Amino acid sequence: MCGIVGAYGEADERMLSEMLDWIENRGPDEEGSYVDRDAGLMMGARRLSIVDLTGGSQPKVNEDGSVRVVFNGEIYNHVELRESLKRQGHRFESRSDTEVLVHLWEEYGDGMVDHLEGMFAFSLWDETEETVFLARDRLGIKPLYYGRTDYGYVWGSELPALLIGGVDRTIDPAAVYNHFSLEYTPGSQTLLRDVNKVKPGHTIRIDPDGVREREYWSLLDVDTGSATMSFESAADRLTGLLERSVEQRLMADVPVGAFLSGGLDSSAIVGIASELTDRPLKTYSLSFSNDRFDESDEARLVADHFGTDHHEVHVDLSSMDLFDEMITYLGEPTGHLQMLPIFALSRRASEDVKVALAGEGADELFAGYPRYQQVGNYKRKVDPLPGIAHDVAGTVAPVSPIGTKYFRYLSWLKNNTEMVLHQTCGFMPFRPEPEDFLETGETAETSGLRRRVTRVTDHVDDPAPEQHMTAFETHYTLPDYHLYKADHTSMAHSLELRVPFLSTDIVEFAHSLNCEIGRA
């Protein structure tokens, strides 16, 4: 696990040093960099040593020095890839997963990402081809930003590092509209006009011919609801996939712990991990004074059952003292204080371990949030109503003093696209007209919000509204909010979070289940 930065078009070593200083929390163990003044290329990494503690220094280079890479993340199938590459004649100097990348590039070029299983964001420089290659994992577990500057391009794990690299600070009005609608900026958008995220499952190639984006994986290519099996068969299949995923994510040369909420997802991970480790697993959970949020009793029961070395972090109003510190590690605004408890939990866990397993993604994949069931119930109630009822609802809802909630639901649920739009909105109720207080003049159409929703819902074959919501939230909300939150709050304390439910196999399997089996 590391943080990475780089620039193409200008080799300013002082600027590179300042960019690396900004991401020090992501890799306090070691710093490495490479500068090619003739090519105007520079790249660097801050390393958090987890695998091959002595041989994993970055940048990694191929045999003749023509290909270099800086890498953030973990490649869980790197051992198998290394053996395959050795058989094809490649020579290795270390056991690190990073070194696998330069040889994969030599062998497969842009197609190298198709062979990777893990969480990753990396930048690669091919001197012979004068090519910069940026790549991000399929689900967007690890962040990667890039931007256009007066001199060329800049990229990195943290958006503020790009500001040091000289990107323009002009705000994007469409991104502002989307942020206040969703509480995050979706897809490639950031709040800055000239800065983009490398989208999950995408690569960016910068060479003398220009800039090219390629999508190498998409959840939308998986047939929704196509799997035909019993609940028991699906449960057995998921158990096997999760056991394999947890085993892969225990790979480390440092201690590994786990976050434990008391819910089914984290409890399953802790149970499997406890069976695979030869000493009590260290687990960490939150407790709250408000019973509405507190699940510490359930977490204790799970910890006792599996014999873990359990630790609790209590969160109350005094925890707000951490707020200013937390904000310094967030490159983008957030619409929730949910980050604060995870920030506090990560701080405590980092005192003992460098790696923690977490249950992120399970609720999105298997419709675990209560709102999924609520929307499904409403949809099934209003579907039998004649079309005129939906039309009347759309007219009456904004002005009716009586039954407003009922009319609004009728209007929202007239089709799955509208349902997803309204149910995923955050700060302000979604409206198709511009929000005057933002003074951006943006709408759901001009900001691209409706287009993003439609792109997802049009690819979902299962008519169940829950399936449309899980698809949208896995495609956008999961990487752009939940995984962003998990990454930034944990890496603020140099803690690597690994998410077993987000293996490619589990994600594709979950998406292939019909709604009834998935929810069950």
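Glycine is treated like the rest: Cβ placed from N, Cα and C.
Among the features that TrEMBL reports, active site, for GATase activity is placed at C2. Same-chain residues at least 6 positions away in sequence with a Cβ under 8 Å from that of C2 (active site, for GATase activity) are, in sequence order, R26, G27, A45, R46, R47, L48, Q58, V70, F71, N72, S157.
Annotated L-glutamine binding site per TrEMBL: D97, in sequence order. In the three-state DSSP classification, D97 (L-glutamine binding site) falls within a helix. In sequence order, V51, F71, E74, I75, H78, G118 constitute the residues six or more apart from D97 (L-glutamine binding site) in its chain with CB-CB distances below 8 Å.
Taken from TrEMBL, the feature domain 'Glutamine amidotransferase type-2' covers 2-209.
A sphere of 10 angstroms centred on the C-beta of E360 (site 'Important for beta-aspartyl-AMP intermediate formation') encloses 24 other C-beta atoms. The site 'Important for beta-aspartyl-AMP intermediate formation' annotation in TrEMBL covers E360.
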In the domain 'Glutamine amidotransferase type-2' (2-209), averaged pLDDT is 95
What three-state class does DSSP give C2 (active site, for GATase activity)? strand
